[in-house]
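*Asks:* Copying in the features that TrEMBL gives for the protein in this structure:
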{"type": "ACT_SITE", "residues": "His266", "note": "active site, proton acceptor"}
{"type": "BINDING", "residues": "Tyr37, Tyr143, Arg178, His266, Arg269", "note": "glyoxylate binding site"}
{"type": "BINDING", "residues": "90-92, Ser119, Gln141, Thr169, Lys242, Ser264, 297-301, 320-321", "note": "FMN binding site"}
{"type": "DOMAIN", "residues": "11-371", "note": "domain 'FMN hydroxy acid dehydrogenase'"}
Amino acid sequence: MAQLDWEGGRCAEMALVCLTDFEEYAKEHLSKATWDYYAAGADECCTRDDNLLAYKRIRLRPRILRDVSVSDTRTTVQGTEISFPVGIAPTAFHCLAWHEGEVATARATEAVNTCYITSTYSTCSVEEIVAAAPNGFRWFQLYVYRDRKLSEQIVARVEALGYKALVLTVDVPYTGKRRNDIRNQFKLPPHLKVKNLDGMFQVTEFTDSEEYGIPANTLDPSISWKDIYWLQSLTRLPIIIKGILTKEDAELAVEHGVQGIIVSNHGGRQLDGGPATIDVLSEIVETVQGRIEVYLDGGIRTGSDVLKALALGAKCVFIGRPAVWGLAYKGEEGVREVLQILNDEFRLSMALSGCRNVAEINRNLIQFAKL
């Protein structure tokens, strides 16, 4: 919770100054089931936790006397300029954290001028999100369902609405085992729905149990590389693959003509025992050799984390849980505060490392700590 301090004889709420302050606030104010859902990792949560710890093993090599009186954090992703290289990763069910949900997230990212990847599992519809932030820069995160017509309909909807890319999530042929969700028998409350899929599934008395707001066993585990070509046949939008962790799959992504990769382990929510994303970024960047853009999510908590990821070759990073903590604090304003803190910290880390702009960030900034 935000700490309290006495100021001029009255009790004033102290400002939240870093992302972990927002985390503590969210943990105290959200229901246990909601907090556990957002915080969940798969199985023993080793990968979830290592996403954070891996950054602490990386050291920076600052350069000095570089005239950092003027700094510029702007960059581009897929040819569109954003204010700094941090966007919002696709996370589900924002209405659990704040009544306006994804509408508030969309307004915040529009105000800050960065990229918001809208989740298939939004509790606001893609139409509502676009209406709330008509000038926002948005990508759409896509799952492939056994009923391919559902995925086709969604692709057509988001392309017509002006979404700028499709982010195909490829690490969920089956949902990971998240123990607390099972213990809590997690379900969306009755007043919330997966709005983008509302009414699209045939629900009968024989339908399997619900899983995260839709009937269970609806994701298609047969999805394979050939489905990239199927997706390309449906749309003119760039296709970004989210969930790559090896140089072999990075090479296959390039060969299949996608426009980008998000190095991601789904926040540690899928395969436990996989690597931290920052630890595999270098090998993927070296394999890709600049042929397509490489992004990263997982474990970003400070501006220096952003700097480390860019030094190792990421074009942009995306935050998941911290955006939800911002929502839980103050909705749109809270998300803006989280993004602003990261932007300020990133700018400061750049300057203290001797970088005036994003183009000056490179591998020479990094050394790995000796164990």
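All positions are counted from 1 along the displayed chain.
Cβ from N, Cα, C; glycine included.
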*Asks:* I want to check the contact list for Arg269 (glyoxylate binding site): same chain, sequence separation of six or more, C-beta distance under 8 angstroms. What comes out?
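*Replies:* Ala40, Gly41, Ala42, Arg48, Gly176, Arg178 - these are the non-local Cβ neighbours of Arg269 (glyoxylate binding site), listed in sequence order.
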*Asks:* Given Tyr143 (glyoxylate binding site) and Lys242 (FMN binding site), what distance in Å do their CA atoms have, once rounded to a whole number?
*Replies:* 11
*Asks:* Could you measure the widest C-alpha to C-alpha distance across Tyr37, Tyr143, Arg178, His266, Arg269, the residues recorded as binding glyoxylate, and give it to a whole number of angstrom?
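*Replies:* Of all Cα pairs among the recorded glyoxylate binders, the widest measures 19 Å.
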*Asks:* Measure the Cβ-based neighbour count of Gln141 (FMN binding site), defined as the other Cβ atoms within 10 Å of its Cβ.
*Replies:* 24
*Asks:* Fill in the CA-CA distance, Gly299 (FMN binding site) to Tyr37 (glyoxylate binding site), as an integer in Å.
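*Replies:* Here the two Cα atoms lie 17 Å apart.
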*Asks:* Provide the number of Cβ atoms within 10 Å of the Cβ of Arg178 (glyoxylate binding site), excluding the reference atom itself.
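*Replies:* Neighbour count, Cβ to Cβ under the 10 Å cut-off: 24.
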*Asks:* Compute the C-alpha separation of Pro90 (FMN binding site) from His266 (active site, proton acceptor), stating it in Å without decimals.
*Replies:* 10
*Asks:* Can you tell me how many other Cβ atoms are located within 10 Å of the Cβ belonging to Pro90 (FMN binding site)?
*Replies:* 25
*Asks:* Counting all other Cβ atoms within 10 Å across every protein chain shown, which of the binding-site residues Lys242, Arg301, Arg321 scores highest?
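*Replies:* Max Cβ neighbours within 10 Å, all protein chains included: Lys242.
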